[in-house]
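In what follows, a structure is listed as structure tokens, so that the remarks can point back to it.
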Amino acid sequence: MAPLFRGDPTPVVYAEQLSTRGHGYPMWDPCPCTETVDDPLVFDVTIGDVGYLKEGAFKRLFNVCQPADALINRYGVYDSFEPLEFSARLADRKKNFFDPGFIMSKSLKSMQVGLEAGGGIQVAGGKAAYTFENQSDQGAMLIISHHAHKESVTPNKRFTSFMLENFDRWRGYASQLGLGKETEIIFVRGFIKTKQWTNITWSDRSMSHGIHVEAEGGNLAAAGPPDVKEKDLKDDQCIFLNYYKLRTRPFWFSKLEAHAGYDTLPDQDRDPDAEDRGMEVVHGDQEHRRMYDDPVDIVLDYIFRHSDAEVAIACDGDLQDLLGDDWPEDIREYLNNQLPRIDVDENKTGTLSLEESIMRRHARVEAAIEQAAADAEAAAAEAAAAQAEEDAIAQAVAATAGGAQEGGAGPAEPAHGGDPGEGGGDGAAPGDAGDNPDMLGRDVGTSNTGPKVIPDNLRGAIISLGKDETAARSIDWPHNLLYDTRADAGAVCCLAMNRAGTLVAAGFEDNIVRIWAIGANVITQRLIAHTDMVWGVAFSPTQNKLVSGSGDKSVIIWDLGTGQPIHTIAHGGDVWSVAYAPDGKTVASGAVDGIVRIWDVETGSLVRQLEGHESVIMYIAYSPSGHRLLTAADSIGRLWNPVSGEMVGTIGGTNGIMWSMAFSEGGDRILTGSEDHTGRVWDSENGEELVTLHEHTGPVWAVAWSPDGQKVATGSFDKTIVVSSSYSGERHLLLRDRPAVVNALSWSRDEDFLASGAADGSVKLYDGRSGEFIAEMLGHKDKIKSLIFTPDGNDVVSSSDDGTIRVWNTTDILRLVD
């Protein structure tokens, strides 16, 4: 193999010294390049570029994420060109990823020695003189005077499949341009860019030019961008490149098998000199070693040595996932010792396992959560011990004072008497914060400690990928299981999410409202006051409050800052539904007595009573603007002006029981699903029927609006989902992949996803526009009751009669979709 660069070794030394910082390929020449000398158009590096590296600079051939006729592809593309389409959710953007300052090789240590008026290195607007201690005969540093931002696509199956499918065409196109086989083609998946930079490297082979930096031994080489006025600077200087490489098996590599599990990584305690798990490692001919081992090349070599793959694809993100921020000096040795799993497909293409990568990410998150919980518990125990010591001292002082006054009477009784293990024995009056930790509702970080009571049959989950169920690939799937490890709470009766998408609240059969932080997998509060099942919960859209309704005939408005009830209101019948007004000033509740009551949040007083229904109020909701209130019982829905209390219209009445209903995003229309197999669209101003959907052969149990209001989805007992025009009723899509009775539907706010929940406990994910089946998530053991997407669409939350709430990460799933 030829060296990575010919001629000047400076870019090679620079790359070698900084690549183990884990940010991607270090670019000696970060400047955007024109395609030809006379070309006035400049395009900086962007995701989807295909090209090669030359003397520390990236040279583009074409961009596969842009159309063939895009200006960036003005010099042509390869035959049979089709652009790569991928979900924007896979793109991660981080502003201010680097602050102004230094990025140095591990051989360097720096010390600021003073400020200079005229010389030194300019950082963040000022100039400072630094001395660097070099612990090696080579070193490198990058100096940036502005923030740097990062944009990259998470490693995923679609990128590797696209590269495999088109690589021969890319190679053929490069050959037509006169580029030989020694030119390695790379596929850009990301970058880090800034406005201004200075690169410095030194070794016993390099020359000294430009900037002066004190260093022990060696000569210096330095580079910087062209002189540009401050006002003309752009974030187009690519200082690190994130990329894929593909290679076919070299003839000298032996074939080995070595697949370790994600839970063995990283194993910092393993002896690096130990035998390589009983396998003989045969190294390739040393003459084929490059003068610089690109870390991605090391991964490719590892795949060939430890699998029977004939083609290997790897990217720098594979190593970032494995190694984090602390990269070892010898990456090859690390891989051979740790043996990360390799996946080889039916085409003999090998990659580091994406499934294991996802599991590692979840394992790291769970470890951080458990550590935070342990730290919180330790801090609480320490605080409690300190408080106990203070109380003991105070009690001893009081006893001594009492003995002096009354002739040596015994120790004083506890303030409230009783055994410490009984009510009131902790020294607090009933109803105070100390009366019962659960009454306060505070339980930060403790749900993951202590004995686990999650039944074995509720643990774990799998996802199934592939439209053809018989050929589908099933994967053990990490996800957040929200379950109270302190009690058997019974079925989830209701579910709500706060407006920010950071909390979910659920009412349970055991009379408790539990609140979880999404992503943290911990219960933040248990709200205990109801004496019967909690049938309805809703977060305030404007304040840190929540309303709950229960079979104990009460409505409670909670202060989530203290976990205590603000108002406990007697409704007069079992409360089955509650809703917060959009302005947060009132709440509405519906009960078995058929009466709807509106309450003032601040005072808890009755504002208005709405009568007209003759049976239990199963559904209640305000329109997004708050100028309409929809209530439903059996087959009749009523529209109210919540301010005046006037009933302005009715819906249904002859269509059988209405099982589901929802306001459109604009609030001007209502969608319902009924026992008579129809979905219907109604005018929310007066209840006029606008569209009737005759698409099902069974009751319609679930409905959902597309975010733009143009489409509606209906799910039925007939095991199908139909997407139709909300205006004409024309059918757009019929979804019947993995058929099951549909109980719940939800569209993500950006329309990327449509999710369905089924009677068999499965959750299915579809493309929200095309209807293409993406995945089926299997974990719940009973029917799905609710589905809610977080506002960003990155998670979908499901609740079930099995007593669990599960959070499914959609981005993780997309990483595995071909």
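Cβ from N, Cα, C; glycine included.
Pulled from TrEMBL, these are the features on record:
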COILED    362-391  coiled coil
REGION    399-453  region 'Disordered'
COMPBIAS  418-428  compositional bias 'Gly residues'
REPEAT    485-516  repeat 'WD'
REPEAT    527-568  repeat 'WD'
REPEAT    568-609  repeat 'WD'
REPEAT    651-692  repeat 'WD'
REPEAT    693-723  repeat 'WD'
REPEAT    735-776  repeat 'WD'
REPEAT    777-809  repeat 'WD'
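Tertiary neighbourhood of the repeat 'WD' (485-516): same-chain residues 447-448, 450-454, 522-528, 530-539, 541, 546, 548, 550, 552, 558, 560, 782, 785-786, 788, 790-792, 795, 797, 799-805, selected by CB-CB distance under 8 Å and a gap of 6+ residues from either end.
Across all of the repeat 'WD' (777-809), the predicted model scores a mean pLDDT of 95.
The residues of the repeat 'WD' (777-809), classed with DSSP into helix (H, G, I), strand (E, B) and coil, number 0 helix, 19 strand, 14 coil. Across the repeat 'WD' (693-723), DSSP classifies residues as 0 helix, 16 strand, 15 coil.
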